[in-house]
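As recorded in TrEMBL, the features of this protein are as follows:
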type     : residues : note
DOMAIN   : 23-287   : domain 'NADH:quinone oxidoreductase/Mrp antiporter transmembrane'
TRANSMEM : 57-80    : transmembrane segment
TRANSMEM : 92-115   : transmembrane segment
TRANSMEM : 151-170  : transmembrane segment
TRANSMEM : 177-195  : transmembrane segment
TRANSMEM : 201-221  : transmembrane segment
TRANSMEM : 233-254  : transmembrane segment
TRANSMEM : 274-293  : transmembrane segment
DOMAIN   : 289-342  : domain 'NADH dehydrogenase subunit 2 C-terminal'
Amino acid sequence: MNPHVLTTLLISLGLGTTITFSSSHWLLAWMGLEINTLAIIPLMAQHHHPRAVEAATKYFLTQATAAAVLLFASITNAWLTGQWDIWQMTHPVPLTMITIALALKIGLAPLHSWLPEVLQGLDLTTGLILSTWQKLAPFALLLQIQPSNPTLLIVFGLLSTLTGGWGGLNQTQLRKILAYSSIAHLGWMILILQFSPSLTLLTLLMYLIMTTSTFLTFKLTRSTNINTLATSWTKAPLLTALTPLILLSLGGLPPLTGFIPKWLILQELTKQDLALTATLAALSALLSLYFYLRLAYAMTLTVSPNNLTGTTPWRLPSIQLTLPLTITTIATLSLLPLTPTITTLLTP
């Protein structure tokens, strides 16, 4: 892609998210989401491959539907209450519609089916943007509205954690596995959103760090399915030794970073007398942990086939900038001792 076009698209991505962050009016928020969507479509289809074009088309149709519902709900709220401010969303009908529209935008279950298919058709760099940056603007809106039906968020959260666990069990494509991982983590964030917004922000921050390091690791080793993970040891021995720890951090095992949000969320849910919800969420984490362990096993304890197809990728030098990978990997492996400091900073 032409560098000037790429720069314009990346600036538009940042602009769309910033407009949504800073807006207090529903039309401005909607406009920021639309700029965001239109900026990432060319990035998705830049390889001119049928699978990439299919993914871009599915993403566009899904986001257009969610944006139309959001705009209709905000107009309905203005008609019923006379208010356009995000903070003044008080009527239960448009509030429920907007919650559903934002759930569709970020890929919460049961509105998740587009996310694995879209992510599978993208390269790892665009997939990283879709899994991280594109979640920020809808989450900013979710944090600002007060849901009239708290049960809806709990149902979305539980369904997402369970779907993210079950869906990733039978997958062999890494991008689909990361998509189901994203759905599961989003479920944890939505579960705690109405009780502790600061804890949702902490979970989102940890998810961004861990997902970035995972995507950059797979990009460095050029891995797109479980079978190609076996060639990682020859390409990057030290990184391959650390990658199982990154994956287990995504699964939420102590003493790694991913343990922080799950532990605090379960603690907060029990304080809210939601012991059954906390139990189901903890059990769904075991489902996710299984396919992370499966990836770790394939990467470290299996040997790749010793043929021309298997050995050729080892000899190709990597041109990826490794500093972002280094920073996110260190953060993924070592942020647990800083939990008290981080939670103090995020508590209003």
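Count begins at 1; order follows the chain as displayed.
Even glycines carry a Cβ here, placed using N, Cα and C.
Curation does not apply to TrEMBL; its annotations are automatic.
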In terms of Cβ proximity under 8 Å, which residues at least six beyond the ends of the transmembrane segment (177-195) contact it? 103, 106-109, 112, 115-116, 118-120, 127, 131, 135, 139, 142-143, 146-147, 150, 153-154, 156-165, 167-168, 171, 203-204, 207, 211, 214-215, 250, 261-262, 265, 268-269, 272, 277, 281, 284-285, 288, 291-292, 295
Counting only residues 6 or more past its boundaries, what in the same chain has a CB within less than 8 Å of a CB in the transmembrane segment (57-80)? 26-27, 30, 33-34, 37, 40-41, 44, 88-91, 93-95, 97-98, 100-102, 104-105, 114, 117-118, 121, 130
Average pLDDT across the domain 'NADH dehydrogenase subunit 2 C-terminal' (289-342), rounded to a whole number: 75
